[in-house]
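Working notes for the structure below.
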Amino acid sequence: MSDLPVAPTPAEPVKYGERAIEAGQLITFPNPRPGRDYDIHITLPEFTCKCPFSGYPDFATIYLTYVPHEKVVELKALKLYVNSFRDRYISHEEVVHVVLDDFVAAADPLRVQIKGDFNPRGNVHMVVEARHTRPGT
């Protein structure tokens, strides 16, 4: 018998990291330089989700570039939010659109671009990009 840990059964308590991921939401704080245009580049190299058709895991690097307005995103919250996709059945295209929509709702940036660079599967490599510009910008 192996000594490797196994997933908890319903009777076992949920691990603290799993609780943090389940509660994961995008949190913001005031932009320290409102009124100044500057770019924030964030790379999330360990993104995972599940294929909605096969159930196989998908892996990607998510690139997030934005120009903040009045708020910036807290990085630990962003990490937990992204980790919440791990067991979710979602297409590559929908991943990028959901992340973009949630990011815009939380941070209301002047401009934002989300790029999902998904690892090749079956000799096919896919990159999905979506953008948003704040109205009136």
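Keep in mind that glycine also has a Cβ here, set from the backbone N, Cα and C atoms.
Taken from Swiss-Prot, the feature active site, thioimide intermediate applies to Cys51, supported by sequence analysis. Annotated active site, proton donor per Swiss-Prot: Asp58, in sequence order. The feature substrate binding site is assigned by Swiss-Prot to Val73, Glu74, Leu75, His92, Glu93.
Of the recorded residues, His92 (substrate binding site) and the residue listed as 'active site, thioimide intermediate' place their C-alpha atoms 8 Å from one another.
Secondary structure at Glu93 (substrate binding site), as computed by DSSP, is helix.
Looking at Cys51, Val73, Leu75, the recorded positions in this record, the fewest other C-beta atoms within 10 angstroms of the C-beta turn up around Leu75. You'll find the Cα of Val73 (substrate binding site) roughly 28 Å from the Cα of the residue listed as 'active site, thioimide intermediate'. Within 10 Å of the C-beta of Glu74 (substrate binding site) there are 16 other C-beta atoms, taking all protein chains into account. Long-range C-beta contacts of Glu93 (substrate binding site), restricted to its own chain and to partners at least six residues apart, with a cutoff below 8 Å, comprise Val128. The sparsest Cβ neighbourhood within 10 Å, among the listed recorded positions (Asp58, His92), is found at His92.
Nearest to the residue listed as 'active site, thioimide intermediate' in space, judged by Cα atoms and limited to the recorded positions Asp58, Glu74, Leu75, is Asp58.
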